Amino acid sequence: MILNSSTEDGIKRIQDDCPKAGRHSYIFVMIPTLYSIIFVVGIFGNSLVVIVIYFYMKLKTVASVFLLNLALADICFLLTLPLWAVYTAMEYRWPFGNYLCKIASASVSFNLYASVFLLTCLSIDRYLAIVHPMKSRLRRTMLVAKVTCVIIWLMAGLASLPAVIHRNVFFIENTNITVCAFHYESQNSTLPIGLGLTKNILGFMFPFLIILTSYTLIWKALKKAYEIQKNKPRNDDIFKIIMAIVLFFFFSWVPHQIFTFLDVLIQLGIIHDCKISDIVDTAMPITICIAYFNNCLNPLFYGFLGKKFKKYFLQLLKYIPPKAKSHSTLSTKMSTLSYRPSDNVSSSAKKPVQCFEVE
């Protein structure tokens with residue numbers, strides 16, 4: 001818990017009740033190393049995703065619009081990751097000034113909300129494309145997808161404003177270090193619990209319920225399709241993919257959300273024990289690594305569910321340039337079921353194996 005003290009030279013001086021919380025030598029080595037790995041892998045992977053979707057696949061489908069924006073949001077976050085790596089390696093000493101403190105903090109918050117919102121919209125799009133391919137054709141347009149992405153970026157920007165306003169550089173007098181941190185003027189302030197609940201509910205619980213519902217309905221539709229088409233072999237890979245998507249999202253974010261909530265309780269003074277503060281402050285950067293590393297892999301994960309994406313991705317790795325002209329395909333080509341229970345369309349020759357493709 002941090003207590004307010006005084007202000008000098010434009011930098012607020014504060015006292016830390018638990019100055020040793022989270023300050024371990026292995027954290028100062030392990031976390032910067034993990035950040036560096038996430039930065040290299042994330043920048044490389046997401047840059048390739050952007051190139052493949054924009055230059056090779058020509059951004060023709062709704063799903064590709066969401067994936068492109070997901071990769072761009074990840075890149076924006078990854079560009080600030082070296083700052084956090086240096087910050088942690090210097091034992092939580094912030095050398096970059098107040099403006100970069102705000103920008104880097106806002107980038108972390110922005111990526112959280114933008115990525116979660118985009119994944120939620122992608123799950124809704126998959127549901128509409130698979131379960132209601134005909135009815136949703138007029139709604140699942142490129143214009144709607146692009147407008148949705150603009151709204152998502154604006155919402156993520158608004159959700160990140162508290163980081164811009166309340167994240168600042170502080171000098172901790174009893175440890176003699178300058179940190180980039182949230183600081184609340186009063187323990188009675190409702191702001192920290194409001195921000196914490198917003199992150200828990202808007203940044204995880206509500207999107208997870210939508211994602212879980214969407215893929216559960218897809219699961220049921222696929223099972224019904226297989227029951228009707230008993231003469232066709234069942235492909236359990238689709239069900240494994242659905243399970244992987246839901247569990248991947250859940251276990252990536254649950255640890256971070258739990259420790260975020262505990263951190264709010266510490267900031268409010270509800271938890272006073274320095275041992276608990278040490279556990280939370282030690283675990284927090286580890287949960288960040290788990291959440292954001294998985295987050296940065298999402299564009300590749302979702303992209304590789306499509307055959308065309310894999311084809312173009314391998315072409316790019318082999319330095320094969322995109323074709324100047326590309327024959328367009330209908331947006332509704334991706335992810336239609338051979339049996340369409342909601343649209344009363346008879347079975348076709350297509351198999352439901354392609355239900356998660358993004359081309």
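Including glycine, each Cβ sits where the backbone N, Cα and C put it.
Pulled from Swiss-Prot:
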- Q15, D17, R167, F182, H183, Y184, K199: angiotensin II binding site (BINDING)
- 337-349: compositional bias 'Polar residues' (COMPBIAS)
- N4: N-linked glycosylation site (CARBOHYD)
- N176: N-linked glycosylation site (CARBOHYD)
- N188: N-linked glycosylation site (CARBOHYD)
- 337-359: region 'Disordered' (REGION)
- 1-25: topological domain 'Extracellular' (TOPO_DOM)
- 56-61: topological domain 'Cytoplasmic' (TOPO_DOM)
- 90-98: topological domain 'Extracellular' (TOPO_DOM)
- 126-141: topological domain 'Cytoplasmic' (TOPO_DOM)
- 166-190: topological domain 'Extracellular' (TOPO_DOM)
- 217-239: topological domain 'Cytoplasmic' (TOPO_DOM)
- 269-278: topological domain 'Extracellular' (TOPO_DOM)
- 305-359: topological domain 'Cytoplasmic' (TOPO_DOM)
Checklist outcome for this item: As a whole number of Å, the Cα atom of F182 (angiotensin II binding site) is distant from the Cα atom of N176 (N-linked glycosylation site) by 18
Checklist entry - How many helix, strand and coil residues does the topological domain 'Cytoplasmic' (56-61) contain under DSSP? => result 1 helix, 0 strand, 5 coil
Checklist entry - In whole Å, how far is N176 (N-linked glycosylation site) from R167 (angiotensin II binding site) when you measure between their Cα atoms? => result 19
Checklist entry - 10 Å Cβ neighbour count around N176 (N-linked glycosylation site)? => result 9
Item to check | Counts by DSSP class (helix H/G/I, strand E/B, coil) across the topological domain 'Extracellular' (90-98) | outcome: 2 helix, 0 strand, 7 coil
Item to check | N176 (N-linked glycosylation site): secondary structure state under DSSP, collapsed to three categories | outcome: coil
Next on the checklist: Neighbour count, 10 Å Cβ-Cβ cut-off, for K199 (angiotensin II binding site): what number do you get?
Outcome noted: 21
Checklist entry - What's the CA to CA span in angstrom from N176 (N-linked glycosylation site) over to K199 (angiotensin II binding site)? => result 31
Checklist entry - Among all the protein chains here, how many other CB atoms are within 10 A of the CB of R167 (angiotensin II binding site)? => result 22
Next on the checklist: Let's check the environment of F182 (angiotensin II binding site): how many other CB atoms sit within 10 Å of its CB?
Outcome noted: 18
Next on the checklist: On the three-state reduction of DSSP, what should I expect for R167 (angiotensin II binding site)?
Outcome noted: strand
Checklist entry - Taking DSSP three-state, what's K199 (angiotensin II binding site) in: helix, strand or coil? => result helix
